[in-house]
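Peer 1: This is the structure I want to talk about, given as structure tokens.
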């Protein structure tokens with residue numbers, strides 16, 4: 001990997017991991033389109049690996065707020081969703097992946113702006129987990145479907161349960177990515193050098209978490225996500241070529 005591209009990717013992941021550590025999700029939404037633009041071969045495996053390590057750190061930090069009620073049904077839904085995504089990745093092109101990523105991010109933004117209030121029932125959590133399995137494995141963005149169901153819970157509860165969910169399910173996604181040819185040892189070797197990102201981001205986020213206004217952070221994420229989605233769609237549709 002070119003040193004300049006590596007440095008930019010590292011900064012992108014630090015920013016994305018900081019947002020995820022603060023809000024409970026958002027790393028893939030923010031970093032995905034940029035990584036796809038900078039180093040396409042690392043998508044979506046880099047998002048999944050970095051997300052897994054980031055989630056493990058946050059899970060440990062907020063372990064006191066963990067609730068199995070949220071995890072079980074979402075986890076059961078994620079399993080079939082991952083299998084669907086593994087098949088999709090074997091049949092789509094790079095341009096189609098960029099379009100899928102852009103559409104996924106825009107859909108997440110629209111749903112956030114709509115301020116949907118969906119109760120975290122067992123059925124809704126299963127459906128959310130299913131959608132998360134498809135989008136999370138195919139594009140690295142699996143947070144919004146489950147996060148929308150938990151948005152009215154306490155901040156620490158959201159962080160802890162989303163982190164545990166992503167840590168466990170990203171392992172399954174990596175297995176699916178490997179067997180679909182999207183995650184190799186060469187990819188892992190490149191991604192390892194980016195692992196300082198979640199460590200740096202989690203330390204900073206944990207220290208300043210009480211000073212950040214949640215609403216301001218959410219609006220900032222939505223603006224950045226919208227811009228990154230437009231970039232992905234323009235690349236996939238070759239708008240400027």
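Each residue, glycine too, has its Cβ placed from N, Cα and C.
Keep in mind that TrEMBL annotations are predicted by a computer and have not been checked by a curator.
When I checked TrEMBL for this same protein, it listed these features:
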- 6-30: transmembrane segment (TRANSMEM)
- 42-62: transmembrane segment (TRANSMEM)
- 68-92: transmembrane segment (TRANSMEM)
- 99-119: transmembrane segment (TRANSMEM)
- 125-150: transmembrane segment (TRANSMEM)
- 162-179: transmembrane segment (TRANSMEM)
- 191-208: transmembrane segment (TRANSMEM)
- 220-240: transmembrane segment (TRANSMEM)
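Relative to the rest of the structure, where do these features sit?
Peer 2: Only residues 6 or more beyond the boundaries of the transmembrane segment (6-30), in the same chain, are considered here, and those with a CB under 8 A from a CB of the stretch are 38-39, 42, 44, 46-47, 50-51, 54-55, 57-58, 105, 108, 136, 139-144, 146-147, 150, 155, 158-159, 162-163, 166, 193-194, 196-198, 200-202, 204-206, 209, 212, 214, 217-218, 221, 224-225, 228.
Sequence-distant neighbours of the transmembrane segment (42-62) (same chain, 6+ residues past either end, Cβ-Cβ under 8 Å): 9, 13, 16-17, 20-21, 24, 27-28, 31-32, 35-36, 97, 101, 136-141, 156, 159-160, 162-167, 170-171, 173-174, 177, 182-183, 187-188, 190-191, 194-195, 197-199, 201-202, 206.
Tertiary proximity for the transmembrane segment (191-208) is limited to same-chain residues at least six positions away from its ends with a CB under 8 Å from its CB atoms, namely 1, 6, 9-10, 13-18, 20-22, 42, 45-46, 49-50, 53-54, 57-58, 61.
Cβ atoms under 8 Å from those of the transmembrane segment (220-240) belong to residues 19, 23, 26, 29-30, 32-34, 36-37, 95-99, 101-103, 105-106, 108-109, 112-113 of the same chain, restricted to positions at least 6 beyond its ends.
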Peer 1: State the residues, same chain only, that lie 6 or more residues beyond the ends of the transmembrane segment (125-150) and have a CB under 8 A from a CB inside it; answer 'none' if no residue qualifies.
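Peer 2: For the transmembrane segment (125-150), the sequence-distant neighbours (Cβ-Cβ under 8 Å, at least 6 residues beyond its ends) are 20, 24-29, 31-32, 43-44, 46-48, 51, 70, 73-86, 88-89, 97, 100-101, 104-105, 107-108, 111-112, 116, 118-119, 157-158, 161-162, 165-166, 169-170, 173, 176-177.
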